[in-house]
Structures are given as structure tokens and as C-alpha cells.
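Taken from TrEMBL, the feature transmembrane segment applies to 20-45, 203-222, 228-253, 274-294, 300-320, 327-348, 368-401, 514-535, 541-563.
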């Protein structure tokens, strides 16, 4: 009797890894303490209302800071932060290096002279020069060149909820963007890229919507024609790769002929981009064909798993919505995390810097709180993703090991969530912490590699990249083993009984994942091809390298969000199949649970 129950789903659950759950709860309490500390020290008010260079919070009465002139002012009617030189950005510390003041209103039109600034102050009651200057002195006092904004003063508007006057023309921040985009050595190239994105923004939004629609259509197709899906995907990807590569070479040849007549920088950039795209597409197509040729013999069981996965989605339609719930929870957590991080950036005690202005700095052990906060970002994000894996695994296991599908629970997804919350949160916390332990060293090495870029020798650079690559591989292996562990929690088998898998599991699992990867490639190729055809009409006045990259990246992310659930279902089904074949042989008393297609 005990041997029969080894492979059945757990009927009487018990809590797993309780110490890890307690550790995770204590860690979350620590995260809450950081948030409470930053709010209690006034960081929230400084972040939301803004503060000037003298430590005054805009829109309220302030307390005098010892040794700082112009501090302790009553700025009740001055609710917006205005930077005298908003385009003077410190690339090292990534902040605006300018005198900041609290003003009554942001300049909604460009002010070209001191007389215009004086007129704006007299008309709107908003003084844009330092507090010690009166509006009547703007054009007569020699100090106005240092204490008034650098003109022409760009048109600006307040940022919603944060009360900062920001220039309406974002080209002001091109220098900052140039520092982030390291491959751009010529600022004129960056300006053309930004203008290309701004000119094509309607096309970009439309193509992103197209990728979303295509992903949903593919999910519906997978659900109803999964038996022939593998061959359909294979044929479509072959045709799409051939067609996309052919179109790119055709456009390159066509534009090369026309470019000889029209010599413009934009035409040259587009021609070079087309050549790079065409070569990349050709290499990708050849590699794809070789992989498909190697894996063609492992397709039979993959087709059967896809067919059963289609039935799973028919019986468990709520599985389709799992990415939405997970994405929604992640967005809430990331919003909270970024908010607290901004709080930490403005918390601390007021200290005068070398220029005589006020900065807020934390001293002692408290200045390392942001490290704790970063670890929290990784651990809790992995915890949320692991909860989704455990929920999906529980629902699929329940489906597989229910002989009569009409006897399934009314909502297997909610039943799986209930089991997760009541019994297995400790296991999820433990698994996500293991991933965190691998991610942190990899992030540290990536940070060191970025900081030493151009300074280290070739050997050190090679070793750093090798370590980063090895940690990335280890992280992926542990992520997969975590998913297996979450599924095994549903069985009367121990996690060390990993020998239940047949020898063909890596190959079969790779084929299934590869077929779903082909689905992602199909969506990216379709969206990218539509983007090429649409953006081609703007080639004479718009450089569309960056818009096309943005569209393709978004299409891949959307396709991955949808198809990752299907990928997870196939993986769990194969695990169930492996356990079923290990402990059952189809004889009386040891009947298979599997679908007839799998038999």
C-alpha cells in the first residue's frame, strides 16, 4: 500500500521548510523598518515636495540649518523645485549639478533674457533667481549672472506628484543618455536615434500592440491545435526566416542603389543598419536550421506533451491569466522598492558640501541600508516568481493525477494557491534565497567589470567574463532544479529521488523548450517584419535602428510572458510522466494516470 502511495499527489499536506519561512518573514520586517525609518526622517516629504540647495522643503515652513544661509525659510507658497541650469548633469554621480530653488510656478515658455525673467517674476509672482535678489534687481545687480538661471531658460513643466520643473524638450538630457549608452561615441548619432524614436512613436506603439495580439492568438492556437503545432511552428519559422532574410537583403540592395543618388547621413545610417540586420538574420537562420535538423528525431513525445498541455489549458483556463497576476504583483513590489530607494536617497542629516549647499547623508552603519534593500529586491522578486511556479505545478499535478477529469476541483488554481500559502511558503523562500545567493556575486562582478572598463588588462577581463558566465549558468541550473523541487512537493517522493527521470529527459525537455522558443521567434519575426515595412516609408528622414530594436525586444518579452506558462506546464507534465512510468506499468492495480496519447 505504501509503494502505491509513493507516486500519488499528497493528500494530507504538512508544512515544509518552516525555519526558512520565519527567516523570510524577519527579512521582510527589516525591509519594512527601512521604509519606516526613511519616512520618519523626513525623506518622504523631501522626495515628494522637493527641496532646494539650502535644505528647505518646498511648500512648507522650514527649520534653520546651522551654518547655512537662506535655510529655515517659509516657502509655503513656493511648491516647485526649479534648477537654474537643468542641463548641467554630473555624469559621475548621475545628478543635476545646479543650484535648486523653490518657485511658485514653472516657466511655461522660453525666457531668452534677464528682462524676460524679470517680467515673468513680476507677472506670475515666481522668482527664478536666488532668494537674496529681488525681481527689480535682476537687470541691474552684477550678481545676477551667477544667481539667476542660465538663459535662454527652456520651457518647463512640473513633473506630476514630484513638484520638479523639468524641461519639456528632452534633448537637454541627451548627454546623460549618451553616458548610459556606451556604444554611442558621437552625440549627433544619439540625437538622430532619439529623433527617430520620437518621430516613430505611433508606429512603435502600434507594433507593440501587434505583438501582444499575436501572442494571445498563438496561445489560442496552442490550446486547440497542439497536435500539429510543432510542425506548423517549424514550417512558419522556416518560411519566416527565409522571407525575413530575403526582404532584408532586398531592401539593402534597393537602398544601396538609391543611396548613391541621395547622399544624406540618415540614408547612410539606415543602409549600414540594414546590412547588419541582413547579416545577423542570415547567421541566425543557418544556426536555426542546424538545430532543427539535429532535434528532428525527438519530436514525437514533444508533440504528445503539447497535446496534453492543450487539454490542461482547456480544463484549467485560469492558467492563461497567471502571467498577468504575477506581473501585477511584481509591478506593485517594484514600485514600492523604487519609492523606498528614492526615500533612502534623500534621507539622512543635512550636511554642507564643498560648494556651501546642503546634502542629506547617512552616517554610521545606516549608510549601508541600501545593500539590504538591494538583496530584498532580488529575494522577494524571486519569491514572487517561485510562487507562480509552485501554483502552476500544483494545478498541473492535480490535473494529471485525477483519473476522471470531471472530478477535478472547481478551481484547481485557487486550490493550488491555498496549498502554497498554508504549507509550502517556506520551500519557496528557501528556493528563491538559493537563486539570490548566486545572483548577488554575479551582479557584483558585473558592476566591477563595468567600473574597470578600459582599465583592466585582457587576462583580467577574460577571467571576469568567465566568472560571470559560470554564475549565470549555475543560476539557470538552480532555477530549473527549483522548479522540479516545487513540483516534487506535490508527491510522496523525496526531492533526492531525482533518478526517477529517464535518460531521454534532457533531450525531450530541450526539444519542448526549443519549440516554444520558435513560437517566440515567430512573433518577433512577424512584428519585426511589419516594423521594417512600416518604417521603410520613413527612411529618408528617420533613422529607424533604435525603434526596430525597441519593438523586437518588447515583442520577445510579451511572447516570453505568455509562452513561459505553457513551457512550465510542459515541464511539469513531463515530470508527472516520468514519475508515472517509474511506479506504474499499466497492469491491474498499477494503471497509468497518463493520457492515451502519452501511452
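Easy rule for this one: first residue shown is 1, then count along the chain.
Any Cβ shown, glycine's included, is placed from N, Cα and C.
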Cβ pairs under 8 Å between the transmembrane segment (327-348) and the transmembrane segment (20-45), at least three: yes
Tertiary contacts of the transmembrane segment (368-401) (same chain, 6+ residues out, Cβ under 8 Å): 8-9, 24, 27-28, 30-31, 34, 37, 312, 315-316, 319, 322-323, 325-326, 329-330, 333-334, 337, 340-341, 344, 362, 408-409, 412-413, 415-417, 419-420, 424, 427-429, 431-433, 435-436, 439-440, 443, 482-483, 486-487, 489-491, 565, 568-569, 572-573, 576, 580, 593-594
Chain residues outside the transmembrane segment (203-222) and at least six past its termini with a C-beta under 8 angstroms from it: 197, 229, 232, 306, 309-310, 313, 320, 519, 522-524, 526-527, 530-531, 534-535, 547, 550-551, 554-555, 558-559, 561-563, 566
Positions on the same chain near the transmembrane segment (274-294), where near means CB under 8 A and six or more residues out: 234, 237-238, 241-242, 244-245, 248-249, 251-252, 255, 514, 521, 548
